[in-house]
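What Swiss-Prot says about this one:
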BINDING   40-47, 104-108, 158-161  GTP binding site
DOMAIN    31-310  domain 'tr-type G'
TRANSIT   1-29  transit peptide
Amino acid sequence: MLKCAWQNGPRQSNRWLWQLSNQIWKRSYSSKIRNIGILAHIDAGKTTTTERMLFYAGKTRALGEVHRGNTVTDYLTQERERGITICSSAVTFPWNDHRINLLDTPGHIDFTMEVEQSLYAVDGVVVVLDGTAGVEAQTVTVWSQADKHKLPRLIFVNKMDRPDADFVKCVSDLKDKLETQPVCLQYPVKNEDGQLAINDVIHLERLSWQQKDLGRSYKNVKLEPSDDLRQLQEKRNELIDQLSGLDDELADVVISTESFDKVDNALIERALRRATTQQKVVPVLLGSAYKNVGIQRLMDAVNSYLPAPEERNQIYDCFGTEVAGKVFKIVHDKQRGPLTLVRILRGEIKRGMRLISARGQAEVVSKLYEPLADEYREVSAVQSGDVVICAGLKSTVTGDLLTSSEEDDEFDESHELFAIDPQIPDAVYFCSIEPPSVSSQTAMEQALKQLQREDPSLRVSYDSVTGQTVLGGMGELHMDIIKSRILSEYKIDVDLGPLQIAYKEAIESPALTTLSVEKEIAGSKQSVSITLEVVKNQAELFSLDKSPENLPNLNTLRPRILQVLRKGSISALERGPRVGGQVVETQIRLHNATIGRGTADSFVMATASQCVQKLLSTSGTRLLEPIMALQIVAPSERISGIMADLSRRRALINDVLPKGERNKMILVNAPLAELSGYSSALRTISSGTASMTMQPCGFSSMNSVDESLAERRAQGLE
């Protein structure tokens, strides 16, 4: 190839060599990038861990503390007031000749959608465990999300300085509750002064951090022959044995080596990297972020064991030299307007570039920024594999795929292939929202529109019956944060109505009816006659009755008309007849339809919707209420009082398990309607000694008494 290039002349040869060197540089640059997310249960120490990473990487000059409200990644007023992460935030920092793009994600169940979108942008994750609690409810949730995205993982067992921390139990939880294969690279030990130190399994050394310089430096000392060294050598041998069963290259060396002691450390680390990126094992490290122990070695492990961008996302190779980028978050900046966070999957994004969303909308990138939470450094171009903030994108929404390709036929394919539309969980609560005055209505609608671009789990709808704007959200905290953000960011003091439970409805029995409607609109005759049936079915929402007597009629309907009938019919399922809940477990079956010439699609759609509403009233519906799964940890002497209170709340006790020496954990399912203010009640019953986590776990039928009570609540009579 080089010979051919020279034959075509020196100018072409120089261009070819420049292109080759440019490709090599880009590949080398990409290999040094690590895009990672930090996942955990609430209060496990994600944000503190992130703040330490920024400090030791030289990005910040002082340690950010959650309890002081001076963290970089928790920059929203609501986050600093409450001491929790609400929105995912992106930060970029250098570490040992690598560039780490890190996303700090929320731990609260109300903000699970934030985590889901962030995982589209990363190549690996660090899961932080609370060393005193092990695997908790939200840990299981975020782990399953990482499973869905097939992401390699590291475990960081935090808070190991605490006297009640239990490293062995945490590792056991990983095996039992997450069904994964952990490999321990470190073990905790106490120094002579009682401070937490770490024994390194691979290098057979002890790591001790210096608190005088806030943990910036640490000593690594080779262990002298002792019981500690013998135990650590056994752990190293177990690690080699475990990895050799998963990695052929290491297995060949082990077979030809006299002793495990002679297996080279670098060989072990390469085998561990291969096993981790292939998701065969999960390396486990430990430390204490608050006490400044173990963070540098965690960052080393991110560089060593988690994959580079080029090792994943090969599916996007089909874009060739075109740009492909995934929008994983949108934030609103007072000075710069909407800012779009994009993970660049292929190509290079430059300032002023024209991009097309997979929805077919053209956008122009006015400016590019490198992310550091709510601070930004302007750049001119960003390479494949990196994360960038784009300014000037006006119609792009979270979850969009951006590309420089303008081929129309590629839009539909990318929608199918790359799952553009995010899977938004059902709302758990809803409430009305009112502006402080009529003049503020437009400003409120604009604020809600912007918040929806940022947060797809926020539902905004208009109730034609009451004439109110209705919000749907993932929980009480979610709704409270939305109100607070509208006030602090948009200066609108909105009023939220009382929170209502998001009940669902299901039909009691099948029903069949025919609806014929004729009307003259603007001199044009509109006529529709339609026969529909509703039946119990959890599979398809809409189907055709292809029986011999109906098939000839259905064959005369054009595909566009069938689509209009389908859309109108399904829209009626959004509001059931009893409490306005979504109708589920129901299928609409079209038997036949006759559409008059010149009848507008909107008239056909409205008739189909009216027909379904008539059917729902005829068949009757039953209510389904949301059920929550709770994990309650409390001292053993408080358990009886807590369980007595739960029984009054229609709760189902699934299990009571020991949790340490003094505590027990109650696993329980309870209706959401019975849990209003439960966290306060639990504090009272347990005298502040109990803790609780809660997450949705489906819907359940109700008896007639509870249904009547739910209807009265929905009507504002309770």
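Just so you know, glycine gets a Cβ as well, placed from its N, Cα and C.
Source: prediction; values computed, not measured.
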Looking only at Cβ atoms, how many others are within 10 Å of the one on A40 (GTP binding site)?
27
Distant-in-sequence Cβ neighbours of M160 (GTP binding site), under 8 Å, six or more positions away
G131, F167, P188, L196, L286, G287, S288, V293, G294
Number of Cβ atoms other than its own within 10 Å, given for T105 (GTP binding site):
29
Could you tell me which of these binding-site residues, D43, K46, has the fewest other Cβ atoms within 10 Å of its Cβ?
D43
Can you check what DSSP calls A40 (GTP binding site), collapsed to helix, strand or coil?
strand
